[in-house]
Amino acid sequence: MLTLIAASVLIAASVANEYGPAASPWELACTNLGALLPASTLFRWSRGYSAISDDNWSATARAKPGCIVRPEKTAQVQSIVRLLSRRRVPFAIRSGGHNPAPGAANINDGVLVDLGLLDHVSSARGSTTVTVGTGAKWTKVYTVLDRHGLTAVGGRILDVGVGGLLLGSRFFRISTGVFARADFLQGGLSWMSNLGAEQEKLTTDCLPQVVLANGSLVKANATHNADLHWALKGGGNNFAIVTSFKLYTYPIGRVWGGIRLYGLSQLPALYAAMAEYQTQAVDDSHANVMLQAFPTNATVGAVLTVVYLKPQAWPSVLAPFSRIPFVADATKMRSYLDLLASTNVPSLPRYDWRASTVKPDGRLYASIHNMTSSSTNLEPLSSLTSGTLAVGLQPMSRSGVLAGRGNALGLSPEAQTWLVLGGGWYSSSDDGPARDAIRQLGTKVVAEAAGSGLGLPYLFMNDASFDQPVIAGYGAENLARLREVQRTYDPDRVFQQLVPGGFKLWAGAWVSRLPASWIPLVQLSRLSPPVGLALIYLPHLFGALLAAIQQGTPARDLVRASLVLLVGSFFFSNAAHGWNDVVDAPLDRLVARTRTRPIPRGDLSVRTAVYFVFSQAVGAAAVALLLMPARAAACTVPTIVATCYYPWAKRHTHMAQLVLGFCLAWGVVIGFESLSPSAVVGLAAFCLVAACILWTAVYDTIYAHQDAVDDARLGLKSMALLFRGRTKAVLWLFVLLMAAVLVGVGLAASMAWPYFFITPLGAALSLGVMVARVELGDPFSCWWWFRYGFWLAGSSIAVGLSSEYALGRAV
């Protein structure tokens with residue numbers, strides 16, 4: 001103990017001397033890490049710091065971290081992440097460091113978490129699996145397995161790290177033609193990527209050690225944290241640090257393959273052969289090829305890598321390539337490890353690459369060849385010192401794409417080519433011009449493919465440049481789902497905000513630009529996204545529109561009242577959601593979906609939350625008393641009382657959704673009175689209140705099904721538990737009743753036909769689709785339809801009332 005204290009004091013003194021008295025958060029974090037893990041922390045003056053700091057494959061990714069920490073155990077990773085996340089210290093994560101993007105696996109200042117010592121490769125005798133540390137290189141994995149005549153599905157470049165490659169993209173499948181299991185975790189491309197699917201077993205069905213942003217350790221597979229398991233299949237570094245993978249192993253014998261070299265004059269024939277290979281009737285999943293063209297190289301114009309996972313040379317499926325004259329041939333029968341070791345790796349110090357995806361087409365390939373061979377397009381890169389361009393075509397068969405389902409990628413179910421433009425150069429002074437040249441050429445290729453109707457949105461993460469919208473290419477629905485998973489497992493956005501490298505889910509999102517201390521309050525208030533605010537404000541707006549219709553209110557008065565109601569709703573929504581979380585905090589800690597809210601996870605104390613709730617309640621009261629008519633302010637009392645009671649409603653009654661419905665729907669009366677303080681709240685307004693209660697009952701019962709299992713375990717109540725298997729029948733009844741009372745609103749207010757067409761019919765259709773399509777047993781489906789489905793009905797009501805007001809049909 002005395003030794004540890006002395007070491008801590010010496011480290012602290014050294015840090016203070018190096019960084020000065022006004023230490024930044026990362027400097028303090030480095031001090032803490034040095035005390036916590038003295039044998040694993042390297043400072044800028046430490047022996048070995050430079051070698052580890054510069055251990056990135058491309059010099060473009062190198063940086064000068066404030067310190068480097070090299071954990072040897074998962075428990076140490078937990079401690080590191082816990083410290084850095086609590087102190088909000090920027091950090092980078094490195095597995096193998098093969099990505100050339102700045103910030104991808106290194107950081108200036110901040111902390112570099114180098115996982116290279118987590119490189120264990122272990123398999124019990126007779127086992128069909130191997131456990132691999134995230135910091136291992138594929139050369140170690142393959143070498144260990146090759147001693148036993150086995151292999152695992154992984155990267156094609158031996159020097160690539162396991163972690164970055166596996167989390168970079170997708171799940172592929174392989175067939176019983178070679179191996180016995182299917183659907184493995186595969187981020188980079190493998191020479192087994194095109195093998196089809198004949199069985200349903202996962203080759204990587206378990207991520208046994210996943211460190212979350214709060215430092216906790218979880219397992220991710222199809223039954224444990226299944227949503228996180230799904231998101232990690234292509235989600236990159238947005239969710240957690242995976243420290244260990246379990247891979248299935250397979251016996252493998254001799255294979256055939258290697259490289260052939262070609263002159264520049266053979267490029268047109270090679271592109272044509274690639275198109276023929278991809279469009280031929282035979283789909284031999286044991287074959288795989290990759291074409292790399294080097295239009296800036298006068299000596300070697302192209303390298304063709306061919307692989308056949310059987311001991312057979314030049315099978316018929318590869319015939320389109322076998323007929324083309326070559327400069328040199330290194331194909332032969334060999335072991336799989338020897339095949340991988342023969343892969344050609346460029347040797348320039350600086351790189352960038354850009355990804356795109358196209359449909360296989362000979363004419364498009366010819367256009368790409370002409371474009372990438374044009375001296376005008378090549379000159380900005382070739383004029384640089386050692387400036388080199390590589391055009392890589394990586395074909396994916398339709399069967400391979402279809403087999404790789406169950407991930408977040410949103411791949412189009414068809415044969416496709418993953419195209420990569422890779423640039424290499426020598427001098428750091430050329431970084432800007434080189435990247436610009438590659439970017440401009442990549443833009444032209446994408447435009448050419450799009451103009452021909454042959455472009456696809458997917459971008460292969462491991463071949464994409466740092467400024468490409470990789471996650472957006474997965475599709476809007478997958479992006480929304482990934483964001484929900486991120487909210488659940490990393491609500492503080494540690495991996496979004498503190499880890500700058502990689503492709504982020506919230507690029508440009510407003511919350512990511514807020515001070516870190518504000519984020520828990522925004523989350524407490526449900527302002528990102530502002531669904532909660534919309535639920536509270538819309539009934540108020542409906543009431544104001546109804547009053548404007550019946551009283552013939554001028555537009556300027558309607559706009560003023562609507563804005564006042566919006567400001568009041570903002571404060572009241574913040575207070576209401578905060579109050580709900582204060583009361584529910586003990587229960588939220590026991591429910592998987594809610595235990596990551598700000599209070600149960602420890603980012604907000606109950607006292608701080610109460611102060612915040614009080615401040616927002618004061619704001620709401622000020623708006624009501626100072627900006628609203630007295631009768632409207634008085635009408636807020638019932639909803640305040642009901643809202644204060646609501647957190648206890650689910651402890652007392654299965655009808656908690658109706659209680660919430662009243663809390664929200666009473667906003668109709670407040671909105672009506674805010675614009676017509678002298679008018680009597682009549683039948684039309686109360687019919688609108690009833691419609692909003694039913695509307696709330698529909699979407700909130702669907703929402704409650706997310707927590708049905710946990711609610712039953714904790715003795716809580718809801719309409720989801722009351723109706724169980726009959727829920728959809730009850731919801732259909734609510735939809736019909738809502739449509740009926742909306743008709744009553746129109747009749748009572750003597751509205752014209754557009755209202756009846758837009759509001760009752762539109763609300764019934766939108767809620768009907770919601771009820772019909774939601775899968776009540778799937779928490780994600782319930783959340784998705786709650787979040788997006790309620791907007792449809794709400795928009796129908798708002799648009800119908802607005803159209804009536806615009807027509808001037810005031811009574």
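We number each residue from 1, going along the chain as drawn.
Any Cβ shown, glycine's included, is placed from N, Cα and C.
Looking at 288-307, 788-807, the range tied to transmembrane segment in TrEMBL is 788-807.
The stretch from 561-579, 755-776, 788-807 with the most CB pairs below 8 A to the transmembrane segment (609-628) is 561-579. Ranking 531-549, 561-579, 655-672 by CB pairs under 8 A with the transmembrane segment (729-749) puts 531-549 at the top. The transmembrane segment (655-672) and the transmembrane segment (531-549) are in contact, since at least 3 Cβ pairs between them lie under 8 Å (pairs 6 or more apart in sequence).
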